[in-house]
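The annotation transmembrane segment is assigned in TrEMBL to 143-164, 176-197, 252-274, 280-299. Look at TrEMBL and you will find 146-424 tagged as domain 'ABC transmembrane type-1'. If you look up TrEMBL, you'll see 458-692 marked as domain 'ABC transporter'. Feature annotation from TrEMBL assigns region 'Disordered' to 686-748. The annotation compositional bias 'Basic residues' is assigned in TrEMBL to 705-720.
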Amino acid sequence: MILARELAPSSDAESIARGVEDAWDTEAFIDACRSSGLAARPVSGKPAKLFKETKAECFLLETVSGEWRVARRLDEKTLALLAEDETQRAERVEVGDLKDRLTGRVFEVTPPEPGRAAAGGDAQPDKPREWFWGVIREYRASFVYIAIAGLVINTLALAMPLFIMNVYDRVFPNQAFATLWVLAFGVMAAIGFELVLKLARAGLIDAIGKRVDYRISTRLFEKILNAPLLARREPTGAYISRFNEFNFVRDFFTSATVSSIVDIGFIIIFFGVIALIAGWLVLVPISGFLAVLGLGFILQQLNTKVIEDARANDSARHTMLFETVAALESVKTLGAERSLTRRWRGHVKSGAETNERLRRLTSFGMSASAMVQQLITVGLVVGGAYLFAAAQLSLGAIIAVVMLSSRALAPVGTMALLITRGRQAFSSLNALDRLMELPSEAQARAVSRPVTQARLELREASVRFEGADRDVLHDVTLKIEPGERVGVIGRVGSGKTTLCRLLGGLYPPDAGGYHIDGLDVRQYNVRDVRKSIRLVAANPELFSGTVRENLTLGDASVPNERLMQAAKLSGLLDFLAEGEAGFELDIGERGERLSSGQRRILALARAFVHPFRTLILDEPTANLDNWTEGQLVKRLSQAIAPDQTLIVATHRQPVLELVDRLIVLDNGKVMMDGPRDDVIARLQGRRDQEAAGQAAEADEAKSAGRSRRKAASGKTKAKTAKSGDDASESEETQSGSGSGRRGGRRTA
């Protein structure tokens, strides 16, 4: 708090302080400072020398009593120990007097660069991949130690081949056992020292890996948290896949792979010794090394497409798994198990085939490298035999050269694998780059300032989702004064939820402006906006844990009195009182042990835990029964203070009793805005007109139907009469002709 006040007054000091659970964990403290744009690093040394050498103006000191004090430099010999309370005077101390008061743990803290404090230390880096290489560079001194250890280890590795050569060439012919024991003790000492160095190097690599994992994993997680909601371009499973890819990157740069890479760099030492011993015979291992190197690069090119296919398949599989587990109830009710299983089998089959191709290429590379090593051994023995026959090389030298070659090419045997893993690591780094390139909600121009009145104003504001062909909100202009009770109604898809998210600071306007207390919302820190303007979403999300943990999600230091008050105002106590667990009730994953109505009440109680200026409720009673809805409306009417603003998006008539003003949305536009009763009357009048119009249309349709039926009936009668006449005429004709025939027969 004091550091933020002294060095970054525009930052959100409270959020920074809450970000450090273990307040004086070194990595957590450095990370909390970075979130404010401050730069902190531990320093050590005697106070007189320490404060003279460093140029920092501010320090964090641990005293022998266990307290941490913030000190500001006055001059080279004097510091001012600052107090938590701004009204208290700072303690002026001489640097020499601090020797017996400090434990030795000291952090120097430097102020942020321009524009970084307000952005929460999350400004976009000037250089590509600075988020990764910047952290790696902080441990460059440790990597230098690793390289030095590698140099010594590879130098000590020469002891065994040289020991064998001297034993064969000098000890055996001369029976010099005293020399043998001297050489043996020397090589055993080298082996022991090599073991110690390898263990120290492995421990240092593991320590670097742990710290890099902490720093970068935290930074990736913060990037996801600080990215705007509308900036998410990939499904949730893809983000989970990204974190898995970071594990691969971390293992490549901070694991035994580093040792192998360092060892490859010192192959020149072994080649030089082989050249000194065997002359031109060194060309055999050099040619093998070049062959393996070329093979590795060829495999790397072949692996490129396979690696990209594997990444895409992993992302799709993670996405499907996450969606299926999250919607397991819907899967069972719809009977979709078989269709989802078929899709899953398709993903698994595709992934297995891709991984098989990758393993086949990797296995081929390792097998080919092993074959090259064996051929090198054969070549050295054959070439050494000719040199031995020419008395240019001894038997011990041949054995030493073979051993040196095997030791030199041991890391080369994994070179094809290293190149493949390196390609995967850099490909994963590219994928993580896309994640780190997401914009941040924090604005460089933003300043941490409280929202005093929460006077909200939209000026022709529009919101459009990425890929959409029309605005979700279009040219919305409205003004909400402090203390107003505003209702928002409209058909499904009219933009009610988007308007709530816009006013709550979750969505920025794509066009137009959003002003709070006369200032553009971009001049505020987003945390300050959401601290004063509380939004309870239509589908509130809960987290695994207890009721208390969900209520105190934003601040674990909330007193019990405030929790009780929030639970009482929201009605949460009504169902907590039914069991013995109370606030320690385990609600399960995403609150699955609660009903939908109970989850909504818990989310509402979470909004009441902290004071606010404006409360925005999106469908607050959607899953409540009539009695609970009535009780909630009654409690809300009593809980909202006269100077607090209430905005409710709803389709329920009882909830509208809370509001005095009503806004009607349709297709993202404000169609009506005015006093509640007037708007309802206008809507009722419009409905009456529509009903009258529909009734008139129905009457006209009925009249037209009757006319058509009458006309059809007349036509039917006419046809019937005509048919009767035709039948009579036919009968008469037939009767006349019959009489004539009978008369003719009689005459005959």
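Every residue gets a Cβ built from N, Cα and C, even glycine.
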Closest-packing stretch to the transmembrane segment (280-299), where packing means Cβ pairs under 8 Å, from 143-164, 176-197, 252-274: 252-274
Positions on the same chain near the transmembrane segment (176-197), where near means CB under 8 A and six or more residues out: 149, 152-153, 156-157, 159-160, 163, 166-167, 170
Beyond the flanks of the transmembrane segment (143-164) by at least 6 residues, Cβ under 8 Å: 183-184, 186-187, 190-191, 193-194, 197-198, 200-201, 204-205, 208, 258-259, 262-263, 265-266, 269-270, 273, 396, 399-401, 403-404, 407
Confidence summary for the domain 'ABC transporter' (458-692), mean pLDDT rounded: 87
